[in-house]
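These notes are about the structure you will find just below.
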Amino acid sequence: MASRYVAVGMMLSQTVVGVLGSFSLLLHYLSLHYIGCRLRSADLIVKHLIAASFLTLLCKGVPQTMAAFRVRYFLNAIGCKLVFYLHRVGRGVSTGTTCLLSVFQVITVSSRKSRWAKLKEKAPKHVGFSVLLCWILCMLVNIIFPIYVTGKRNHTNITVNKDLGDCCGRGNNKIAQTLRAMLLSFPDVLCLGFMLWASSSMVCILHRHKQRVQHIHRSNLSPRASPENRATQSILIPVSTFVSSYTLSCLLQVCMALLDNPNSLLVNTSALMSACFPTLSPFVLMSCDPSVYRLCFAWKR
C-alpha cells in the first residue's frame with residue numbers, strides 16, 4: 001500500500017513539475033518575442049522539443065497516475081491506442097529534436113574552413129523541414145502501437161495479453177516481441193550515437209579554439225570562466241542528462257517488451273524514467289541558455 005502511494009506521489013510530482021517547466025520555457029520565448037529579441041534558428045527546434053516533452057508527460061503521467069490510484073478501466077480500447085501512440089510519438093520527437101539540436105550546434109560552431117562550411121550557410125534554412133520530417137518519421141515508426149495495444153475492458157482474458165497498467169498488449173510471441181523491441185529501440189540508439197558524436201565534435205572544436213586564443217585569456221584577470229568553458233558546459237549538461245535518462249528508459253522498455261507480464265514495479269519505474277528527460281529538459285535548457293539572463297536584465301531595466 002505504501003509503495004503505491006509513493007508511486008502516485010512521484011508520478012504526480014513529475015508530471016506537474018514537467019508541465020510547469022514546459023510552460024515556463026514557452027513563456028520565456030513569448031517574453032523574448034515581446035521585448036523584440038530575434039530568435040535563433042535553434043529556437044525552433046527547442047519549441048518542438050517543448051511540445052514533444054509536454055505530449056510525453058501528459059500521455060504517460062496522467063494514465064499511469066490513474067492506474068496507480070487503481071481507477072479501473074480509465075481508458076477504453078481507442079483511448080489506449082491513442083495515448084500509447086501519442087506517447088511514443090512524443091518520446092521519439094523528443095529524442096529526434098535533441099539529436100537535431102546537437103547536430104545543428106556542431107554545424108554552427110564549426111569554422112568556415114571545415115568540411116561543414118557549405119552546411120553552415122544552408123542549415124538554418126532547413127531547420128523547419130528537418131523538424132517536420134522528424135515528426136513524420138516518428139508517426140510512421142510507431143504506427144505499430146495502435147495495432148498492438150488495446151484496453152482491458154475489451155479483453156478480459158489477461159493470460160493471453162501483456163499487462164500495461166490500464167491497458168494491455170496483444171499476443172505473447174517471444175520472437176515478435178523481440179523484433180518489436182529492436183525496431184522501436186533502433187531510432188533511439190541511432191539518435192544517441194549521433195548525439196554523442198556531435199557533442200564530442202563540439203567539445204573538440206571549442207577546445208582547439210580556446211588553445212588558439214590562450215594568450216588573450218592569460219591577459220584577462222577576470223575570475224569568470226572562459227566562453228569556451230561555458231559553451232562546453234551548455235553542451236555537455238543537456239546531452240549527459242538525455243543520454244543517462246534515455247539509456248535507462250530504453251533498457252526498461254526492452255525488459256517490458258521481453259517479459260510476458262511485467263510487475264507493477266517495473267511498469268512504474270519505466271513510466272518514471274520515460275518522463276525523466278521531458279521533466280528535466282525545460283530547466284536544463286533554461287539554465288544553459290544565456291537569453292534567460294538577458295531577459296531578466298531587460299525586465300529589471
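Cβ coordinates come from backbone N, Cα and C, glycine included.
What Swiss-Prot lists as topological domain 'Extracellular' is 1-15 (among others).
Taken from Swiss-Prot, the feature transmembrane segment covers 16-36 (among others).
In the predicted model, the topological domain 'Cytoplasmic' (37-48) has a mean pLDDT of 79. Per Swiss-Prot, the feature topological domain 'Cytoplasmic' maps to 37-48 (among others).
Annotation source Swiss-Prot lists transmembrane segment at 49-69 (among others), citing sequence analysis.
What Swiss-Prot lists as topological domain 'Extracellular' is 70-88 (among others), and the listing cites sequence analysis.
Within the chain carrying the transmembrane segment (89-107), a Cβ under 8 angstroms from the stretch's Cβ atoms is held by residues 41-42, 45-46, 48-49, 51-56, 59, 116, 119-120, 123, 127, 130-131, 134-135, 137-139, 141-142, 187-188, 191-192, 194-195, 198-199, 201-202, 205, 235, 238-239, 242, 246, 274, 277-278, 281, all 6 or more beyond its ends. Annotation source Swiss-Prot lists transmembrane segment at 89-107 (among others).
Positions annotated as topological domain 'Cytoplasmic' by Swiss-Prot, on the basis of sequence analysis: 108-126 (among others).
Within its own chain, the transmembrane segment (127-147) is flanked in space by residues 41-42, 44-45, 48, 81-82, 84-85, 88-89, 92-93, 96-97, 100, 104, 170, 180, 183-184, 187, which lie at least six positions past its ends and keep a Cβ under 8 Å from the stretch. According to Swiss-Prot, the transmembrane segment annotation covers 127-147 (among others), on the basis of sequence analysis.
Annotated topological domain 'Extracellular' per Swiss-Prot: 148-185 (among others), in sequence order.
Positions annotated as N-linked glycosylation site by Swiss-Prot: Asn154 (among others).
Per Swiss-Prot, N-linked glycosylation site is recorded for Asn157 (among others).
The transmembrane segment annotation in Swiss-Prot covers 186-206 (among others) and rests on sequence analysis.
The topological domain 'Cytoplasmic' annotation in Swiss-Prot covers 207-234 (among others) and is backed by sequence analysis.
Beyond its flanks by at least six residues, the transmembrane segment (235-255) meets 95, 98, 102, 105, 181, 184-185, 188-189, 192, 195-196, 199, 202-203, 206, 262, 266, 269-270, 273-274, 276-277, 280-281, 284-285, 287-288 of its own chain at Cβ-Cβ distances under 8 Å. Per Swiss-Prot, the feature transmembrane segment maps to 235-255 (among others).
The annotation topological domain 'Extracellular' is assigned in Swiss-Prot to 256-264 (among others).
Within its own chain, the transmembrane segment (265-285) has Cβ neighbours under 8 Å at 3, 7, 10-11, 14-15, 17-18, 21-22, 24-25, 46, 49-50, 52-54, 56-57, 60-61, 64, 68, 87, 90-91, 94, 98, 163-165, 237-238, 241-242, 245-246, 248-249, 252-253, 255-256, 259, counting only residues six or more beyond its boundaries. Under the heading transmembrane segment, Swiss-Prot lists 265-285 (among others).
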